[in-house]
Structures are given as structure tokens and as C-alpha cells.
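Record features (TrEMBL):
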type     : residues : note
DOMAIN   : 23-288   : domain 'NADH:quinone oxidoreductase/Mrp antiporter transmembrane'
DOMAIN   : 290-343  : domain 'NADH dehydrogenase subunit 2 C-terminal'
TRANSMEM : 7-27     : transmembrane segment
TRANSMEM : 60-81    : transmembrane segment
TRANSMEM : 93-115   : transmembrane segment
TRANSMEM : 152-171  : transmembrane segment
TRANSMEM : 178-196  : transmembrane segment
TRANSMEM : 202-219  : transmembrane segment
TRANSMEM : 240-261  : transmembrane segment
TRANSMEM : 281-304  : transmembrane segment
TRANSMEM : 324-345  : transmembrane segment
Amino acid sequence: MNPQAKLIFIASLLLGSTITISSNHWIMAWTGLEINTLAILPLISKSHHPRAIEAATKYFLTQAAASTLVLFSSMINAWHTGQWDITQLTHPLSCLILTSAIAMKLGLVPFHFWFPEVLQGSPLTTGLILSTAMKLPPMTLLFMTSPSLNPTLLVTLAILSAALGGWMGLNQTQTRKILAFSSISHLGWMAIIITYNPKLTLLNFYLYTLMTAAVFMTLNSMKVLKLSTLMTAWTKAPSLSAILLLTLLSLAGLPPMTGFLPKWLIIQELTKQDMAPAATIISLLSLLGLFFYLRLAYCATITLPPHTTNHMKQWHNNKTTNPLIAILTSLSITLLPIAPMILTII
């Protein structure tokens, strides 16, 4: 892709996200979401492969439908209350439509079908943007409207997301699809707590972004798209494979890694809200995710592929790794001890 064109698209992404995050008026928030959608489409379809074009089409259709619902929800609210302010969303029907629209934007169950397909058709760098930066504007809208939303509906969507994200990721062999289902599962953890403690949702989102960025950048550096390639990648960059193991375990939420912090705090908050059954169910469902993270981790650190056909081992790669990967992986593994300091900030 032409560097000038890429610069324009990245700048438009930043502009769209900034407009949505900083707006108080529904029309401005909707404008930001639309700019975001249009800016990411060329980045998804830049390879001109039929699957990439299909992914861009699916993304466009779902995001256009979700943006329409956001606009529809705000218009109903303005019709009944005369308010266009985002924080003044009070009409029950508006709240219901907005929850559906943002669930569609984020890829929460049952509006998740587009997300694995779009991620599978995109390059790893675009997949990283889709999994992290593109989720920030809808998450901000959810944060701003959280006092008005229906807690029962969000808890139901959250538990379904954690369940389906775990189950559907079990039999995948493509790393991008595994990361897509991992994202759906993590979104479940964020959605379950949004009405009770919105700041915890944001903390979870930031740490999820950190860990996912580390995994995507590591896989991109090793040029790994499927599990069979990951099995022989240790010869290319042994230290990177070892670090990938720890980052994946952190993403799974195992102590004493960073990923354990949001899960621990969410379970604690749910218990305080007399929602111990919901906390128990979502904790058990996270074990499904743990299985496929362990599978990825096992494939990353295995030294010989477990079958009789001879694999061509890849050449050891001596080129320097992106220093950002080192910073992100270090943070993904070691932030748990400074949890008290993080909690005083939020």
C-alpha cells in the first residue's frame, strides 16, 4: 500500500476514535464511528485476496447496521426526552437498541459471527487494530451510558460471550481465529461488570489491549498464521517463542501474570454485588479459553512437530526484534505486583 494512503487511513482512524471518545452529542459520536469504519476498510482489503475483500464487505455491512442502530436509538431518545446528550440516555427502548448496536460493534454474542471471519481475512497488523483500537470507541459509548443500561441483559450477553468464545475456539487451527474467539471471551468479562463498576471494565480493556498487542506483534514477527507453522517457529526465534508462552498464559488469566488482575478484581466486585453464581459461571467458562491458550503455548514451545512427516525446519533468524514487543511482553507478564498502584490510579 502507498505510504501516503496508509498515513491518511491511520490518521483518519485516530481522528474517528478521538471524535467519538470526546463527544457529548450522539451525532458527533456516530460521525466518529463512521469515519473509523471507512478508514479501516482499505487496511482490511489491501491484499486484494478474495478472502480479504469478503472480510471487508462483511465488516462494512455489520458496522453500517450497528451505526444505523446507534443513530436510531439516539433519535428515539431525543424524540421522547428532547435530549441529544450521550449521558442522558433514559428511554428503555433506546437503551435496548443501543446495547444491541454496541454488542454488534464489539462482536459480543449473539452478534459475534462477523468477527472471526473478518479477522481471518485481514493481515495480522490490521487484525491487531481490529481487536484493540477499533473496540475503544464503542467501549467508550458503553462506559458513558452504563448507568442507564439493563444489567440483566448485559450479564446474559457476557456469560454467552464467555461460553461461546471458549467453546468455538477449541477446535481452531488458525491463530487469527483463536485470537478472535479469545477477544469475544474477554469482551464477556468486560460486559459483565460494566453496569456495576465501569472503571474495572476500562482497566480490563487496557490490560487486554496490552496483552493482545504483544501476542499479535510476536506472531507477526515470526510470520505465524496457523498452529502447524507455530510448531516449527522455535528454530526461527527461540527466545521469542519462550516469551510468547508466558504472554499467552497471561492472556489466559493465570496468576502471577498481569492477566490475572482484571479477572480477580471482577470476581471480587461481582461477589460484593451478591452475584456469586454469575462469578462462578464466568470463572468456570474461562477454563475453556485456558485450554486453547495452553494449546497455543504448547505449540509455541514444542521442539519437534508431533508427527512422522519431516517438516522443513526454518532458518534461525538473527534480525533484531522490534523493541516494542519486548516492552509489551514485559508489561504483559509482570504488572500484577504493582496492582495496588494501578488501583489507586483508577
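Quick reminder: no glycine exception, Cβ is built from N, Cα and C everywhere.
Quick caveat, the model's predicted, so the values are computed rather than measured.
Note: the stretches the transmembrane segment (240-261) and the transmembrane segment (93-115) are not in contact (fewer than 3 CB pairs below 8 A, sequence gap of 6 or more). Listed by sequence, the residues of this chain that lie at least six past the ends of the transmembrane segment (7-27) yet keep a Cβ under 8 A from its Cβ atoms are 33-40, 42-43, 70-71, 74, 77-78, 84-87, 129, 133-134, 136-137, 140-141. Most Cβ pairs under 8 Å with the transmembrane segment (202-219) belong to 324-345, among the candidate stretches 60-81, 93-115, 152-171, 178-196, 324-345. Looking at the domain 'NADH dehydrogenase subunit 2 C-terminal' (290-343) alone, the prediction's average pLDDT is 79. If you count C-beta pairs under 8 angstroms between the transmembrane segment (281-304) and each of 93-115, 152-171, 178-196, 324-345, the highest count goes to 152-171. Counting Cβ pairs closer than 8 Å and at least 6 residues apart in sequence, the transmembrane segment (178-196) and the transmembrane segment (60-81) reach fewer than three and form no contact.
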